[in-house]
Amino acid sequence: MAKKEKPLDPVMDITDAQARKKALDNALKNIEKTYGKGAVMRLGDSGARDVDVISTSSLRIDMALGIGGVPKGRIIEIYGPESSGKTTLALHIIAEAQKKGGNAAFIDAEHALDPIYAASLGVDIDNLIVSQPDTGEQALEILEALLRSGAIDVAVIDSVAALVPRAEIEGTMGDSHVGLHARLMSQALRKLTGVIKNSNTATIFINQLREKVGVMYGNPEVTTGGRALKFYSSVRMDVRRIETLKKDGEMIGNRTRCKVVKNKMAPPFKTAEFDIIYGKGISHEGDVLDMAVELDIIKKSGSWFSYNGERLGQGRDNIRQMLEDNPDLCDEVEGKVRDHYLNNGEETAAPKEVPMDDAQEAFEMGTFKD
């Protein structure tokens, strides 16, 4: 004989406003009692609004993101061409988290992490948790275990393209595995999203670019791993090298552009330009100098720079080096830059808008989908 199921509670018919409010409060209490505190809340509650952030160590990018850094408890995707600065940016975020006493994990699926370079960017390599998994499934299971510990502040996966499914590794060269990688990512993200939120971990996926064959119109570039990561990401950043920095004919770094092509935390389509110096990473002093010049805190006349009526010197590279050699002066100028925006009621600067054709390009790539 079939087991008789318990009938569902009937829908209450209440017209009185006070009785409706009481019924709603009782329903909320019952939900919290059954599923735990925080299972349901009002969006206006401070706990629902407040989002912790981790600085990127670049003033420019922090401003472009609109909240002062990358959000914790969310998924962030950093993608771009090879050698554009994706891993450098992720390592800087790890360094900033460690400076605040946080724990960080680096899932090195590419097996290419350079500990010496990471240390030069300020990463505490003695306390950085590193994993070099053999398969994509293993990498994502390790990530899940770390997230469920609740002790990780930032986790980086480098990269999505290197998360090779086990079936592909165990197969032979030339075997067809259509959609296997995309299915792996889709399943993993469905499973991990809630864990990432509950653990309050900034989870950064570094991704590579591929080109679609036979595209006549629009942008042929596409990120790996299917569409799932585009949907689940709260922030997506496109990082590209735009020029090479030279000093006395020698290449010393890259001028890099970062476009925020998706942002659920603030208005999207902002862009930031910054310097990456070889062996040192993102130039904080370069950011401070550029913003101080824009705000007329440091005066620029031709190639000469002056501050408080005194000439600092000639040439941007020389002044950037001067700020690097004089941290007190750099801190003073940075303080004035921050004060300017705080006094104008803005927590962050208003970076340049991405031109419409670039915004349209992001839309065509599917990055504008929410």
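Quick reminder: no glycine exception, Cβ is built from N, Cα and C everywhere.
Among the ranges 21-45, 171-195, 221-245, 346-370, the one that TrEMBL lists as region 'Disordered' is 346-370. Apart from the site residues G80, P81, E82, S83, S84, G85, K86, T87, the chain places the Cβ of V239, R240, R241 no farther than 8 Å from the centroid of the site's Cβ atoms, the recorded ATP location.
Here the Cβ of G85 (ATP binding site) has 23 other Cβ atoms within 10 Å, regardless of which shown protein chain they belong to. The Cβ of P81 (ATP binding site) lies under 8 Å from the Cβ of L209, R240, R241, each of these being in the same chain and 6 or more residues away along the sequence. Under DSSP, the residues of the domain 'RecA family profile 2' (214-287) split into helix, strand and coil as follows: 9 helix, 40 strand, 25 coil.
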